Amino acid sequence: MGEKPTIAISHLGCEKNRIDTEHMLGLLVKAGYGVDTNEELADYVIVNTCSFIESAREESVKTLVELAEANKKIVITGCMAQHFQTQLLEELPEAVAVVGTGDYHKIVNVIERAEQGERVTLVSAKPTYIADETTPRYRTTTEGVAYLRVAEGCDYRCAFCIIPHLRGNQRSRTIESIVAEAEQLVAQGVQEIILISQITTNYGLDIYGKPKLAELLRALGKINVPWIRMHYAYPTGLTPDVIAAIQETPNVLPYLDLPLQHSHSEVLRSMNRPWQGRVNDEIIERLKIAIPGAVLRTTFIVGFPGETEAQFEHLLQFVQRHEFDHVGVFTFSAEEGTPAYKLSNQLPQEVMDERRDRLMALQQPISWRKNQQEVGKTVEVLIEQENPESGKLIGRSGRFSPEVDGQVYVDGEAKLGTIIPVKIHSADEYDLFGQVVSHN
């Protein structure tokens, strides 16, 4: 048999998609395929697509079209493949395969079949697969950080969200499986493990009959990794037991990523959020009291169908009052196949854009003040890269999660992938600036 083809992967979308990408790379490398970062040199390009909102789809389509124009053999994977497999095959003759979110672990078989001239469609209608610690994985993050998926899929049916259709219902891994993978990551030198799923606070509900996040955090606390960070914690799932586990487990960062989406009870009911109108001041204040120094990140959707000016003002006041450390704002995106798509009272895009801009303008001085509070402190920073032009090191303190939050720009010398003390001397609304604290 001749030499195996080389394969490049173009990764788009969220960190859940990134883990899928890393498993595909691991499986291909184990099977003896050459993996190249240069798409021009590769025989096949796997495009791991995102289909969460319209702008993500546009980026995916743009990438696919560019590769098609370069006459590449394209394997389309990820959420867009799950969502639009028929249209993609019809419109892109260069696509040799379409692989769904529950089928990426069969990527080696897909390439083998494509090599035989078959046009492969492998899309499970209801994804049920979840990789575990035995699935090969080739990490694409910086050496000090790794994402760790604790569960896949979602049992909630929020009116705006297509994720359950794209990723299936929730399926959790066992605590033992997650701990085993965490130990593998630590052996690779990982300093920060970021726990992800669709709803991390619901972890374990499907396999244990009740959420087991507190038990998971305590188990991971016994592992020799400096930082454990959680993403996607629903406020109603932050029970006294979970809060106690965060407090009692030294390597769990007091960083809470709360996808609140809105503050007004009527909008939350329209969104079919699981807590309906229970996102209120009491929940946020309880968290701040229970975990002093907690860093709170959240995301909001503005312009949900029927959102009135008064309801938007309620959101503005909520954000002003609680002074979150980090806020992401999305304008509502009408997704075909979701209940919100059919709602008659859709808002014009210009109204949504204006509301997004107003909310971001309100948050900016809050973020600036929060960062100014770090000036003068010596903080632990995970060094991730070096700017070759300026010589400055770039990293993150525990306040910042990768890609969504700010960074710390550092003068001095340090090894990439290590956590070092840095004295912060200045800050803007996004980033911190500091100097390595020498050990002499």
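Placed from the backbone N, Cα and C atoms, the Cβ positions cover glycine too.
Per Swiss-Prot, the features are:
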DOMAIN    5-116  domain 'MTTase N-terminal'
BINDING   C14, C50, C79  [4Fe-4S] cluster 1 binding site
DOMAIN    140-370  domain 'Radical SAM core'
BINDING   C154, C158, C161  [4Fe-4S] cluster 2 binding site
DOMAIN    372-438  domain 'TRAM'
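Each of Y156, R157, F160, I162, I163, P164, Q198 belongs to the same chain as C154, C158, C161, is absent from that list, and has a C-beta within 8 angstroms of the C-beta centroid marking the [4Fe-4S] cluster 2 site. Note: the Cα of C154 ([4Fe-4S] cluster 2 binding site) and the Cα of C79 ([4Fe-4S] cluster 1 binding site) are spaced 14 Å from each other.
Cβ neighbour counts within 10 Å, taken over all protein chains shown, single out C79 as the most crowded of the binding-site residues C79, C154. Scoring each of the binding-site residues (C14, C50, C158, C161) by how many neighbouring Cβ atoms lie within 10 Å, the top position goes to C161. Taking the Cα atom of each, C50 ([4Fe-4S] cluster 1 binding site) and C161 ([4Fe-4S] cluster 2 binding site) are about 13 angstrom apart. Taking the C-alpha positions, the distance from C14 ([4Fe-4S] cluster 1 binding site) to C161 ([4Fe-4S] cluster 2 binding site) comes to 15 Å. Annotation note: C158 ([4Fe-4S] cluster 2 binding site) sits in a coil segment as assigned by DSSP. DSSP classifies C79 ([4Fe-4S] cluster 1 binding site) as helix under the three-state reduction. The DSSP breakdown of the domain 'MTTase N-terminal' (5-116), given as helix, strand and coil counts, is 57 helix, 25 strand, 30 coil.
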